[in-house]
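*Asks:* Sharing a structure here in structure tokens format.
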């Protein structure tokens, strides 16, 4: 989920942008949603899912508005620079657009001016034609404390992302390989509960198999953290295709089982004890705000971008509801796995071995391609956080220390626990809460304030959020801080009962 969608300035149509955004949001978090639905109750889950989808859409429009304000300020600074250059008789040559942008931007490494021809002839100063990452927007609109808090939040979120990915792959491998040996053949999804101390192969326990897979995963993919990795177009196509085949297969198989009268699920309407994890899973499953600059900027026609985003959220909400409701009515609550794909590795559910292994190992293929990209993104954020003007890092710090502090913590977390529902819940409830609610709200407020200061009250941002009243910003901030308190209190109360 972290990281950019596009690494170039190539344009694409609004409908291609809609597909990219759909693929960005619907990721690994969707696989943990059925279990969260079952533990919280279907009515509570549906209401919370709809509300959090609405909140995420609102903050998405806040980020788009801040992107337009940032573009306007960069454009204005270039015009001011040109005036200074024109007035300077001793100047023998002007300064290019990209040079000025590099001087103005806090995030120099992430700045990539695009569409220079359109930019010079743009009729509206608020046109989004330059990719301005959230880190650069934070540096433009926040003070130093705000910038540091932003990077702290994004780094914690990326650590959680990596821990989830580092645990999901070994869990899937453990469940599939341990179930096909001995007396456990085809029994992953049959309701049998296994302990970590149960045997897997001979003297090897399930927890030992998990840690062996975790070690292999770290040794194979960890080294990519020490180098630069770029997501290729063909890799995106392959992983997206596999994702949609897997999701469609699970929905169809569940519907077939329900239509044949083989459904075993009897979900309750509400279980307050499951709301904490459901909240984190839903926040995590609607996460896209940190990648919006890479996603929105290349769209060729942005006139109706907010309506396009709204359509995307409606489709995603319908998809999540379909996936979760078919799951909770098809399977009993106590048999739903943290990783929903594992419910389809049982021979009674699907007799075709290829499909069983494809669904069981699906997270292995898709997550393995994303892990190095997220790790490099986190490593670069660490570098940016500690970067000082004109300074450079020693080779050991740059090539060894930063990659090491990126890779080691999430692997240690995955070594200690493979409870994916809790990992997703905590990551979404804390760091995800900050990225999805608090940071966009502050960006909208500060960008509006700066826009009025620079351009005057008469300037109209063409990408102003439909939720333009200050009430909505205050509402999001109150909601975000309330969520921190609620989740923390829920965790404390839950632990005190144990």
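Here the Cβ of each residue, glycine as well, is placed from N, Cα and C on the backbone.
Predicted automatically and left uncurated, TrEMBL annotations should be read as such.
I grabbed these lines from TrEMBL:
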- 12-33: transmembrane segment (TRANSMEM)
- 20-67: domain 'Amino acid transporter transmembrane' (DOMAIN)
- 39-72: transmembrane segment (TRANSMEM)
- 135-469: domain 'Amino acid transporter transmembrane' (DOMAIN)
- 141-160: transmembrane segment (TRANSMEM)
- 210-229: transmembrane segment (TRANSMEM)
- 241-258: transmembrane segment (TRANSMEM)
- 308-329: transmembrane segment (TRANSMEM)
- 349-378: transmembrane segment (TRANSMEM)
- 471-493: transmembrane segment (TRANSMEM)
*Asks:* Which listed stretch (12-33, 210-229, 349-378) has the most C-beta pairs under 8 A with the transmembrane segment (241-258)?
*Replies:* 349-378
*Asks:* Report yes or no: does the transmembrane segment (308-329) come within contact of the transmembrane segment (39-72), defined as 3 or more CB pairs under 8 Å with a sequence separation of 6 or more?
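*Replies:* Yes, the stretches contact each other.
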*Asks:* For the domain 'Amino acid transporter transmembrane' (20-67), DSSP counts of helix, strand and coil?
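*Replies:* Output for the domain 'Amino acid transporter transmembrane' (20-67) reads 44 helix, 0 strand, 4 coil.
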*Asks:* What residues elsewhere in the chain lie close to the transmembrane segment (12-33), defined as a C-beta under 8 angstroms and at least 6 residues from its ends?
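*Replies:* Beyond its ends, the transmembrane segment (12-33) has Cβ neighbours at 1, 5-6, 164-165, 168, 236, 240, 243, 247, 281-282, 284-288, 291, 295-296, 298-302, 304-305, 308-309, 311-312, 315-316, 319-320, 323-324, 338-341, 363, 366-367, 420-421, 424, 428.
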*Asks:* Report, as numbers and ranges, which residues of the same chain sit near the transmembrane segment (471-493): CB under 8 Å and 6 or more residues beyond its ends.
*Replies:* 55, 58-59, 62, 275-276, 279-280, 429-430, 433-434, 437-438, 440-442, 444-445, 465
